[in-house]
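Heads up: the structure comes next, in structure tokens.
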Ligand code: HEM
Ligand SMILES: *[C@@H]1O[C@H](CO)[C@@H](O)[C@H](O)[C@H]1NC(C)=O
Ligand SMILES: *[C@@H]1O[C@H](CO)[C@@H](O)[C@H](O)[C@H]1NC(C)=O
């Protein structure tokens, strides 16, 4: 009896490991690397205690990984003389940060269990841990992703939405990934953390009318009007608590204090207004929908079974 149920369990684990149609599961490393999750959590914790801005960086890296041919660690590959990766694609160049932190986390995981845990999973867990450690909701991350042996700069240019998008373009961009308008609005709440560069907000703070004038003026002090000057100066996406995960981002939108053009599109007299109002007054609802959408985003086109590899160093294929 006991041995047959053990057999069934083993067969099940093998099936999960080898089937290329395998589903992700929260317990994927329960037998192969039980230390994986605590190791990632403690590495993220120490990185964030050094610098709270790291949480935003890791969360965004996960988004930019998942939107480009799935959550497969492709974003983490470095360019070489013979390989063009995603790091210098338009949305990432001079903008995506935290790769060194991912390296540190992955090294800790490699020490605990060499060659077992993918970079894609490491990033998925690190993004969740960042949200938790900065005061946001907790959830179980589905695991079992493998790492890509390729990357696509063209797909990174084309699939990650730019801040110039209007509401319909944002909805379409997320729909292309199988994500709903609700997912899009909830995930945009990630902009409760982190910063944007002057180059991405100049048009909005100097030229747009659906913006609180005193808010625009304050932002202008760190972002000169002239293109080319101060392009990389950063401003917090959410002013009051830029390193705390909360629903103030949505309150800001209602007050016309969205920093990006795309942010304010979510509350500009269109179909997303009512959801923004709900999230601004109900942080439990925001947290619940954010978690559901993060899980959905984490499910985008994972490599499983014998596809891809478990990269040792997230910057290069084995
Ligand atoms: C809805 C479409 C989205 C657009 C158009 C967008 C655009 C941007 C832009 C332009 C920046 C500033 C980059 C810079 O100036 O260097 C940014 C930062 C950021 N985004 Fe998004 N984003 C979107 C969705 C998301 C999602 C879904 C997440 C995660 C759930 C996310 C998380 C972040 C974070 C945390 C930062 C700050 C990064 C840092 O401080 O280093 N964004 N985003
Ligand atoms: C992606 O965009 C960058 C910056 O605009 C550009 O230099 C690069 O050629 C683009 N890559 C591809 C493959 O389209
Ligand atoms: C504001 O709009 C005008 C007219 O379209 C344009 O010429 C100018 O470059 C814009 N200014 C900024 C700071 O984007």
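Just so you know, glycine gets a Cβ as well, placed from its N, Cα and C.
What you see is a predicted model, and the numbers here were worked out from it, not measured in a lab.
Per TrEMBL, the features are as follows:
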- 33-113: disulfide bond (DISULFID)
- 60: site 'Transition state stabilizer' (SITE)
- 64: active site, proton acceptor (ACT_SITE)
- 65, 68, 70, 72, 74, 86: Ca(2+) 1 binding site (BINDING)
- 66-71: disulfide bond (DISULFID)
- 119-314: disulfide bond (DISULFID)
- 161: substrate binding site (BINDING)
- 191: heme b binding site (BINDING)
- 192, 241, 246: Ca(2+) 2 binding site (BINDING)
- 198-223: disulfide bond (DISULFID)
Give me the CA-CA distance between residue 70 (Ca(2+) 1 binding site) and residue 191 (heme b binding site), in Å, as a whole number. 21
By a simple count, how many Cβ atoms lie within 10 Å of the Cβ of residue 161 (substrate binding site), its own Cβ left out? 19
Neighbour count (Cβ, 10 Å) for residue 33 (disulfide bond): 19
Might you list, by sequence position, any residue in that chain lying six or more from residue 191 (heme b binding site) with a Cβ less than 8 Å away from its Cβ? 237, 238, 249, 259, 260, 263
Cβ neighbours within the same chain of residue 86 (Ca(2+) 1 binding site) - under 8 Å, at least six residues apart: 64, 68, 74, 75, 77, 92, 151, 152, 153, 155, 156
With a radius of 8 angstroms around the mean position of the C-beta atoms of 65, 68, 70, 72, 74, 86, what other residues of the same chain does the Ca(2+) 1 site pick up? 64, 66, 67, 69, 71, 73, 75, 120, 148, 151, 152, 155, 156
Other residues with Cβ within 8 Å of the Cβ centroid of 192, 241, 246 at the Ca(2+) 2 site? 135, 193, 238, 240, 242, 244, 245, 247, 248, 249
Reading the DSSP string in three states, the entry for residue 64 (active site, proton acceptor) is helix
Residue 246 (Ca(2+) 2 binding site) sits from residue 60 (site 'Transition state stabilizer') (Cα to Cα, rounded, in Å) at a distance of 16
Please report how many Å separate the Cα atom of residue 72 (Ca(2+) 1 binding site) from that of residue 66 (disulfide bond), as a whole number. 7
74, 192, 241: which of these binding-site residues has the highest Cβ count within 10 Å of its own Cβ? 192
Under 8 Å Cβ to Cβ from residue 223 (disulfide bond), same chain, six or more residues apart: give me those in sequence order, or none if nothing qualifies. 198, 201, 202, 205, 230, 233, 235
Using a 10 Å radius on the Cβ of residue 71 (disulfide bond), the other Cβ atoms enclosed count 29
